[in-house]
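Feature annotation from TrEMBL assigns transmembrane segment to 21-50, 79-97, 118-138, 144-163, 175-194, 200-221, 233-255, 316-335, 347-370, 390-411, 423-443.
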Amino acid sequence: MVMSKKHHPKPRRTQVLAARAFASIEHFLHIEAVSGVLLLISATIALIWANSQWADSYANIWHTSLSISLGRFEFSKSLHFWINDILMTFFFLVVGMEIRSELHEGALSKIKQAILPVIAAFGGVIIPAIIFLAFNFAPIQQNGWAVPTATDIAFAVGILALLGRSIPGEIRVFLLSLAIIDDIIAVLIIALFYSEGLNYLGFLTAGIGILLVLGFQRIGIGSAWSYLIPGSFVWFGILMSGAHPTLAGVILGLMTPVRSKPMSEHPLDLLLRITGELTGRDIKSEQGHSQRRLLQKLQVAKRELLPPVVRVEQALHPWIAYIVMPLFALANAGINLSSSTYSASELYIITGIVVALVCGKPIGIVGISWACIKLKWCHLPDGITWKGLWLVGLLAGIGFTMSMFIAMLAFKDMRFLNAAKLGVLLGSVTAALLGVIWGIIYLKQMTRINRKVH
């Protein structure tokens, strides 16, 4: 017996309100603007805390030891290590997944589309590095040459989102593509220039973990939780090898499948068929075995509509954006300024980073793009003007998270590290402010042009 639609119970008002609330929360969690603002708030709290009467508590809390023990095995590290080396691995996991997605079907999947962002990204790395080295001659200072070469994706895209929807979507896509290539270069820099003496036993351990991941994928294990054990092998192996353990996140991200598990029936067709079957069923059989089986199939079909790389990235995004990165900012942005008297060497580090981020990034990105377009190697994408490209260049100067991360690898001397952190903060904030000002001018000009056209 087929029941008419009018006999189906209507959802209660509380259920409707709850559904709307959850939808709003989900939408909120995926707005980059909020993520960028939260990063700024975390950095501000860290600065205020580190320069308050509770400054000692700020310094001490990150040295608190956290341990995991299992039988005779014990893993004990400081809270600072847990944030910078373990939680940030998940950040780099998402970076790896973003790179994998872009290479598969994004802006980097087609050579013609990828040429300009790749060239611009290299310009945005080379020129800031040269500017930093021009200010710093001593080898110990020059070790920080890579600090101003990075771009903070969340912060940069967040500032762009704050400018509103009037900004052309092509600019956002170009900024994302450039920032992802920037991340690839940053990962290579970390691996090649900021890794300690290599231990081959570590590489063997990481290799075992990688083989386990490939084996799991081969036999069709789809649960992300199942990959924690082989992922841990990769992480510990990279740590043992002398390279930075967060590189394990990039490796695992690049290994995440970009295609859904093969099914006898396309997930969308299966979804439509089961929905049709459920629509024609008697409401009284709702709790039956057959009904539950169909609902399970429906759940599988819904899941397989998206490839694993997209599913895992979407699941991790709110945790990374709203917990991991703010924690990283809180743990690393606190610089005591109250009694700081900087030496000439420290001032050169600060100045080099600020000038490299604020001037070097946009000049490198726009300058090399202009040269390549003049040489007819590539062309400006549709929807992007030169003023729009300058906006991308200014926002790319927001190094923040990645620049802080590289600074901690580059400088072991706390005086130089604090100077580098201050340079990153000043440079990133200045680049963000200039980006907002330029963005407002750009929008006003676009509005005037549109009025003339209409």
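In case you wondered, yes, glycine gets a Cβ from its N, Cα and C as well.
Annotation: stretch 347-370 has the most Cβ pairs under 8 Å to the transmembrane segment (423-443), among 144-163, 233-255, 347-370. Taking Cβ pairs closer than 8 Å, the transmembrane segment (175-194) reaches residues 92, 95, 98-99, 102, 106-108, 113-114, 117-118, 120-122, 124-125, 146, 149-151, 153, 156-157, 160, 243-244, 246-247, 250, 365, 392, 395-396, 402, 406, 409-410 in its own chain, all 6 or more past its ends. Here the transmembrane segment (316-335) touches the transmembrane segment (390-411). Their Cβ atoms form 3 or more pairs under 8 Å, with each pair 6 or more residues apart.
The transmembrane segment (118-138) shares the most Cβ pairs under 8 Å with 347-370, out of the stretches 79-97, 144-163, 347-370, 390-411. Within its own chain, the transmembrane segment (79-97) is flanked in space by residues 61-66, 153, 180, 183, 187, 235, 239, 244-254, 256, 309, 312-313, 316-317, 319-320, 323-325, 327-328, 331-332, 401, 405, 408, which lie at least six positions past its ends and keep a Cβ under 8 Å from the stretch. For the transmembrane segment (144-163), the list of distant contacts is 31-37, 39-40, 95, 98, 124-125, 128-129, 131-133, 136, 171-172, 175-176, 178-180, 182-183, 185-186, 189, 193-194, 321, 325, 349, 352-353, 356-357, 360-361, 391, 395-403, 405-407, 410-411, 416, 420, 423-424, 427-428, 432, 435-436, 439-440, 443: same-chain residues at least six beyond its ends, Cβ to Cβ under 8 Å.
Residues 85-86, 88-100, 187, 190-191, 194-210, 212-214, 217, 227, 405, 409 of the same chain lie 6 or more positions beyond the ends of the transmembrane segment (233-255) yet place their CB under 8 Å from a CB of it.
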